[in-house]
C-alpha cells in the first residue's frame with residue numbers, strides 16, 4: 001500500500017472536517033480564483049471613425065489592454081480626417097499598483113494556505129505540541145485578514161478607474177476627428193469586465209474567510225487555554241468555599257446534637273437517684 005493510501009486509511013484527512021482546516025482549504029481555493037480572475041485578464045474595445053472623405057476613415061480601431069493595467073502605456077493610432085495624417089493617442093490612468101498588490105496578496109495567501117493545510121494534515125501533532133506553531137498561525141491569519149481588506153478595497157477603486165478610462169465614450173473624446181460634427185465616431189465593442197468584477201468579489205470573500213478563521217486559530221493558542229483557566233479558577237474557589245460552608249454546618253449540627261445528649265444525661269441520672277431517698281427513709285425508721 002502506498003504512503004498516501006496508508007495516511008488516508010489511518011484517518012489523517014479527517015482533520016479537514018474541522019473548521020480550522022476546512023476554512024484554510026477554502027482560503028486556498030478562493031485565493032486561486034482571486035489572482036486568476038485579475039492577473040489573467042485581457043480585454044479590449046473597438047471604435048470606428050467615419051470621416052467625410054471615406055478614404056480617410058477607419059471603421060475598426062482595436063484597443064487592447066491587460067493586467068497590470070498600465071493604461072497610459074496602451075497606445076493606438078486614429079485618423080484625423082485631415083488627409084492621411086494619423087493621431088497617436090494613449091489611454092489615461094495607471095491602476096497597476098492596486099492590481100499588483102491585490103494579486104501579490106492572493107498569491108502569498110495561496111502559498112500560506114497550502115503550507116498550513118499540509119501541516120494540519122500531516123504534522124498536526126507537531127503543530128499542537130507547543131504554543132509556537134498556533135501563535136505564528138494566529139499572527140499570520142490576522143495580518144492576511146488586514147491585507148485582504150486593504151487589497152480588495154484598493155483594487156475595487158482601481159477597477160473603477162479602469163472602467164472609466166476604457167469607456168468607449170471617454171476614449172472617443174480624446175480624438176480630434178470626433179470633435180468635428182461632420183465626422184461620425186461610434187463604439188463598436190466595449191470591454192467585458194465580468195472577470196474583474198468577480199475578482200473583487202473573491203477578494204472580499206477571502207477577507208471574510210480569513211477574518212472568520214481568526215477565532216478558530218486563536219482557540220489553538222495558549223492564550224485561549226490560559227483564559228479558560230483564569231475563568232475556571234474563580235468558579236473552583238466559589239465551589240470550594242460552598243463545600244466548606246456545608247461542612248461547617250454539618251459539624252455544627254453534630255456538635256449541637258452531642259450537647260443535647262450531654263444535657264439529657266444528668267437529668268436521667270438524677271431521675272435514677274430517686275429510689276435512694278425512700279430507702280434511706282426506711283432505714284431511719
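Cβ coordinates come from backbone N, Cα and C, glycine included.
The stretch that TrEMBL tags with transmembrane segment, taken from the ranges 181-199, 200-218, 219-237, 238-256, is 200-218. Checking the ranges 69-90, 135-156 against TrEMBL, the transmembrane segment annotation falls on 135-156. Against the transmembrane segment (135-156), stretch 200-218 has more CB pairs under 8 A than any other of 21-42, 101-123, 200-218. Within the model, the domain 'MARVEL' (15-222) shows a mean pLDDT value of 92, rounded to a whole number.
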